[in-house]
Structure formats: structure tokens, C-alpha cells
Amino acid sequence: MALTFFWILAVPPLLCSALPSTTPHVGISIPLSKRTPQLSVNGVVDRDFLNAQVNKVHNKIARGFAAYKKNTGKVHPSNTKHITRRSTGADALQDDSQVLWQGTVQVGTPAVNFTVDFDTGSSDFFLPGPDCDSSCDGHTIYNTSSSSSAEDQDQKFSLAYGDGSTVEGNIFTDTFTIAGLTGTNQSIGAATTYSSGFSIDNFQPDGLVGMAFKEISDFGDDPVFQTLVSQGVVTAPEFAFELSTSGAELFLGGVNTNKFTGSFTTSQVSNTGFWQISMDSANVDGEAVVGNLSAIIDTGTTLIIGDTKSVSELYDSISGSKDASQTVGDGYFTVPCDSIPNISLTFGGKAFSISADTFNVGQAEQGSSDCIGGIVGEDVGDAWVVGDVFLQNVYTSFNVENETVGFASLA
Ligand SMILES: *[C@@H]1O[C@H](CO)[C@@H](O)[C@H](O)[C@H]1NC(C)=O
Ligand SMILES: *[C@@H]1O[C@H](CO)[C@@H](O)[C@H](O)[C@H]1NC(C)=O
Ligand SMILES: *[C@@H]1O[C@H](CO)[C@@H](O)[C@H](O)[C@H]1NC(C)=O
Ligand SMILES: *[C@@H]1O[C@H](CO)[C@@H](O)[C@H](O)[C@H]1NC(C)=O
Ligand SMILES: *[C@@H]1O[C@H](CO)[C@@H](O)[C@H](O)[C@H]1NC(C)=O
Ligand SMILES: *[C@@H]1O[C@H](CO)[C@@H](O)[C@H](O)[C@H]1NC(C)=O
């Protein structure tokens with residue numbers, strides 16, 4: 001398999017308030033490392049990988065819509081096209097969550113360390129359980145029978161992933177600690193089967209921590225951060241991500257003032273479930289070309305996925321851009337490698353630029369002067385999914401009390 005390259009970012013030193021008292025922490029950060037098989041190999045994009053990414057996002061949003069319906073009894077307002085999950089035609093080994101931001105969490109009594117992907121596009125927490133078959137090999141097992149605080153909830157779960165396989169298992173409640181902050185009675189899925197996308201070759205962390213709202217929790221329970229908030233462990237009901245190439249961290253209990261400059265531009269979550277906000281426009285060289293859109297802000301997605309109509313309009317306004325559906329895959333477009341335009345997204349009236357480096361996914365073919373753009377067309381309901389291609393350019397805060405997303409310039 002070609003996609004074995006990965007890079008671990010230099011991470012900043014742990015920055016924590018380190019109060020030995022019982023008062024809640026003012027805010028605490030957890031360093032994240034990024035592991036990603038390259039979107040391109042020797043500068044040329046990997047088609048199977050890119051196509052798998054689009055399927056992955058499609059299925060992830062479909063899972064959220066299904067959980068929303070189960071929890072609220074209503075069709076998610078953005079599920080206008082009634083999308084359902086589909087299987088990918090791409091190599092299953094290259095499916096799912098390969099590009100992610102991971103950190104450490106401790107679970108159970110006595111506490112055991114696990115690495116997890118922190119994902120603002122979903123809301124459940126799961127790990128490989130003691131009865132997991134060979135699909136969990138290589139991961140650290142959450143052995144519920146050796147944790148004295150684990151309680152079986154007598155409830156099964158099943159999450160469908162992109163290649164048609166599922167992550168399934170049993171729901172327990174247990175104690176967990178992230179960056180020194182301890183919560184109890186957290187619902188944790190102990191998997192009996194992992195989909196191929198979570199096998200050790202494809203997914204280095206042990207499990208996944210969802211950081212969106214309860215409404216899209218398949219378990220129907222509070223996500224990890226909301227548990228910390230309701231148990232009074234964090235002073236501020238807010239967390240923030242820095243996902244830049246110069247360092248990455250998740251900050252719990254507010255924002256890390258060392259990591260951004262100026263003020264935040266905040267947007268109200270339009271519908272509690274995903275971190276979904278209005279996006280005023282997508283701009284090319286300062287000109288709004290498509291607008292009045294809705295965007296799901298997702299640390300667990302690599303690319304920016306937009307509805308096919310808007311994305312095609314966006315590339316139409318870029319001179320030299322070409323449809324790459326025949327050469328790379330549906331929804332992909334190229335731009336001239338030597339003149340990547342200044343693409344920006346406007347939220348709350350302020351435009352935030354995407355650097356040429358993050359927008360450019362790689363050369364379309366060996367020796368080509370066309371490069372694949374990081375905004376890709378795929379209809380996943382009435383919303384864009386704004387992932388790392390954008391989020392690496394900003395500091396992002398997520399406020400669970402006021403249900404707002406804030407963007408600020410990186411320090
Ligand atoms: C568990 O993780 C914590 C926090 O990252 C770390 O300080 C500790 O050394 C780890 N313990 C083991 C046994 O790896
Ligand atoms: C889980 O722990 C129990 C009790 O300590 C032990 O008997 C069992 O072998 C462990 N299972 C796994 C998969 O490690
Ligand atoms: C623990 O969590 C479960 C599931 O979320 C809930 O039903 C139960 O009431 C909680 N128990 C306590 C003591 O908070
Ligand atoms: C890119 O466009 C944004 C929004 O119009 C603008 O603020 C920024 O200065 C531009 N950057 C460059 C390098 O031209
Ligand atoms: C968004 O809608 C407003 C009001 O209908 C309109 O004035 C504006 O031009 C639209 N923006 C874009 C980028 O289409
Ligand atoms: C939520 O909004 C209220 C009113 O603007 C403000 O007083 C409060 O500090 C905000 N909460 C957080 C966590 O930002």
C-alpha cells in the first residue's frame with residue numbers, strides 16, 4: 001500500500017494551569033499530533049484516496065442525519081435530499097478516517113491510556129472492546145471487565161462506515177480523563193467489530209471522541225465535553241482547536257490566548273446537532289461567487305465539501321480551472337498550479353483566507369501543470385462540510401453553552 005507516509009507535527013509543550021486544588025481548571029490544553037497519509041505521493045494526488053474521502057464525508061453526514069431523526073423524531077432540516085449511506089467503489093483499505101488529529105484520553109479504573117481522534121463532526125465515543133474480533137488487532141483494548149467503574153448499559157450500537165462495514169458493539173458507562181479533567185458516567189462504546197477504516201493499518205488511534213451535540217449521538221447520550229461541563233469540571237463551556245501545521249492542540253475550558261490574534265468572529269449554530277453555521281459566501285480573489293450557504297465545521301474531515309452546483313460555479317470563476325471528474329473523480333476540479341487563486345470563506349461578515357498550500361491538494365498527474373483544489377463538489381444534504389483545508393488557516397472555538405462557532409486569526 002502506497003499510503004504509509006505520515007507526519008507527526010511538532011507539538012507545543014503542555015500548557016496547563018496545573019492547579020493542584022479542587023477548583024475547576026481555567027483551561028487546559030492537550031497537544032495533538034497529525035497523522036496523514038499524504039493526499040499526494042511525490043506531489044501527485046492519490047485518486048483512490050481522494051474518492052474515498054468524498055464517500056467518507058457523505059456517509060458521516062448520513063449517520064448524523066439518521067441519529068438526529070432517531071433522537072428528535074424530526075428529519076434534519078439540511079437533509080433535503082434524504083441522503084443515505086452508500087458504499088464506496090474505492091479500495092476499502094484506503095477508506096475512512098485516515099486523516100485526523102489525535103491525542104490521549106484515559107478511561108476506566110484503574111485508568112488506561114488510549115489515543116483518540118477528536119472529531120467535531122460526530123458525537124459518540126468508542127474504543128475497541130474486550131470481545132472485539134481481529135478487526136481491532138493492534139489497538140489498545142478497553143477491557144470493560146477489568147475496569148471497576150465500567151457499567152454495562154445493556155445497549156448495542158452500530159455505526160455504518162464508508163466501505164459498507166460497521167463499527168458495532170455494546171455501550172458502557174465509565175470514568176474518563178482528558179488533559180487532567182475527569183468526568184464520570186460517560187457513555188463509551190466498546191466495539192466488538194471495527195470497520196476496515198479503523199483497522200490499525202488505516203487508523204492509528206484506538207478510538208474516536210465525538211465533539212458535536214447530543215442530537216446527532218447514535219448512543220443518544222451526552223458527548224464527552226458536555227459531560228465535563230455538566231459535571232462542573234471545566235469553568236467555561238467552550239473548547240478550541242488549533243490545527244495549524246506549526247502546531248496543533250485542543251484547548252478545553254475556553255480559548256488559549258497565546259494561539260490567536262484579534263477578536264473572534266462568532267456565528268450562531270443554526271440547528272443543534274452538527275456544529276452547523278451560516279456561511280455568507282465563498283470568494284475568489286475577494287469576490288463573492290457563491291453565497292448564503294450552511295456549513296458544518298468538522299475537524300474530522302480533510303477537505304472542504306460543497307454542493308455540486310456551488311462548487312462548479314466557484315471553479316467557473318477561476319481562470320484556467322478544469323473539471324477533473326474524468327481524471328480524478330466526481331466533484332474534483334483543477335486550478336493552474338502556478339497561479340492558485342486567493343480563495344476565502346466568509347463567516348459572520350469576515351473573510352478568512354485559505355492559503356495556497358492548504359488549498360492545493362497536489363498535481364493532477366505526473367508532470368501536469370494542473371493541481372487539484374481542496375474544495376470538492378458532493379451533495380450531502382443542504383450543507384457544506386468545512387474541514388482541515390480551511391481549519392488549518394484559523395483558530396476555532398466551539399461554545400456549547402451559547403452554541404456558537406468562532407474563528408480568529410492564528411497567532
Ligand atoms: C498516560 O497519558 C498521560 C497523559 O498523556 C501521560 O502523562 C502518562 O505518562 C501516560 N501513561 C502511560 C502508562 O503511558
Ligand atoms: C479482560 O480482563 C479480564 C479480567 O481481568 C481478563 O480475564 C481478560 O482476559 C481480559 N480480556 C482481554 C481481551 O484483555
Ligand atoms: C449515567 O448515564 C446513564 C446513561 O447516560 C444515565 O441513564 C444515568 O442516569 C446516569 N447515572 C447517573 C448516576 O448519573
Ligand atoms: C485574500 O482575500 C481575502 C478576502 O478578500 C483578503 O482579506 C486577503 O488579504 C487576500 N490575501 C491575499 C494574499 O491577497
Ligand atoms: C445572499 O442573499 C442576499 C439577500 O438575498 C443577497 O443580497 C446576496 O447577494 C447573496 N449573496 C451571495 C454571495 O449570493
Ligand atoms: C453566552 O452569552 C452570554 C450573553 O452574551 C454571555 O454572558 C456568556 O458569557 C456567554 N457564555 C460563554 C460560555 O461564552
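Cβ coordinates come from backbone N, Cα and C, glycine included.
As given in TrEMBL:
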{"type": "ACT_SITE", "residues": "D119", "note": "active site"}
{"type": "ACT_SITE", "residues": "D298", "note": "active site"}
{"type": "DISULFID", "residues": "C132-C136", "note": "disulfide bond"}
{"type": "DOMAIN", "residues": "101-408", "note": "domain 'Peptidase A1'"}
{"type": "SIGNAL", "residues": "1-18", "note": "signal peptide"}
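Positions of the features from TrEMBL, shown on the structure.
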residue : record         : Cβ neighbours (10 Å)
D119    : active site    : 22
C132    : disulfide bond : 21
C136    : disulfide bond : 26
D298    : active site    : 29
C136 (disulfide bond) to D119 (active site) - Cα separation in whole Å:
20
Rounded to an integer, what is the Cα-Cα distance in Å between D298 (active site) and D119 (active site)?
7
The domain 'Peptidase A1' (101-408): mean pLDDT?
94
Using DSSP, would you call D298 (active site) helix, strand or coil?
coil
Distance from C132 (disulfide bond) back to D119 (active site), taken between C-alpha atoms, in Å:
23
Using DSSP, would you call D119 (active site) helix, strand or coil?
strand
